[in-house]
Amino acid sequence: MFKRMAEFGPDSGGRVKGVTIVKPIVYGNVARYFGKKREEDGHTHQWTVYVKPYRNEDMSAYVKKIQFKLHESYGNPLRVVTKPPYEITETGWGEFEIIIKIFFIDPNERPVTLYHLLKLFQSDTNAMLGKKTVVSEFYDEMIFQDPTAMMQQLLTTSRQLTLGAYKHETEFAELEVKTREKLEAAKKKTSFEIAELKERLKASRETINCLKNEIRKLEEDDQTKDI
């Protein structure tokens with residue numbers, strides 16, 4: 001049953017144990033060379049940094065805002081985008097690290113922070129000619145382990161972002177499979193470690209109980225001798 005946000009209460013309905021929801025994302029930048037330095041400011045490129053869903057879905061169903069922290073040389077370096085497309089377009093001449101912070105509608109979910117090195121130049125300098133676009137984007141996954149009831153509802157009720165074809169600059173299908181395999185392997189390893197710890201705990205408790213019984217017997221023997 002669909003609930004309104006206010007109905008969940010200050011704890012967002014509490015944590016839903018045993019639930020894991022994965023939301024794949026793509027983040028990065030594209031850049032275009034002007035062909036020469038711009039006379040008024042010496043800028044050489046126009047670039048766009050972005051965060052977008054890997055699948056065709058509207059992230060605003062669960063994302064409140066995305067914050068992009070640019071280099072201090074830009075006016076108002078802390079940029080905030082509250083609806084799709086989550087992107088910032090600027091011009092410049094140098095590469096620098098951009099800090100991306102994703103905030104969620106549910107205040108009880110901690111923000112996710114990403115770090116992206118803005119790329120303007122091709123590794124092959126000749127590729128820069130002809131105003132060819134430079135692409136630097138990455139696949140990642142936001143994993144919600146034991147989300148709140150509110151967040152679970154938000155994550156499972158998102159709609160399509162566009163009705164047309166939806167694709168990325170980079171082919172991530174193979175990388176997605178590998179990431180899934182790593183995630184499954186990590187889950188199995190964690191389950192094994194938990195089971196192992198439970199066995200150790202059980203053995204420790206049995207040892208403690210044996211020692212307690214021995215101590216009790218010794219105390220009883222001492223009392224008998226005293227009599």
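Each residue, glycine too, has its Cβ placed from N, Cα and C.
The annotation domain 'YEATS' is assigned in Swiss-Prot to 15-158 on the grounds of sequence analysis.
Take the CB of K37 (SUMO2 cross-link) and look out to 10 A: across all protein chains shown you find 11 other CB atoms. If you look up Swiss-Prot, you'll see K37 marked as SUMO2 cross-link.
Around S73 (site 'Interacts with diacetylated histone H3'), a 10 Å sphere centred on its CB holds 9 further CB atoms from the protein chains shown. According to Swiss-Prot, the site 'Interacts with diacetylated histone H3' annotation covers S73.
Within the model, the region 'Diacetylated histone H3 binding' (93-97) carries an average pLDDT of 97. According to Swiss-Prot, the feature region 'Diacetylated histone H3 binding' maps to 93-97.
Residues annotated as region 'Interaction with MLLT10' in Swiss-Prot: 163-227.
Sequence annotations record features per position, and here Swiss-Prot assigns region 'Interaction with TACC1' to 168-227.
Summarising the annotation, Swiss-Prot assigns coiled coil to 178-226 and lists sequence analysis as the type of evidence.
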Whole-number Å only: compute the distance from the Cα of S73 (site 'Interacts with diacetylated histone H3') to the Cα of K37 (SUMO2 cross-link).
18
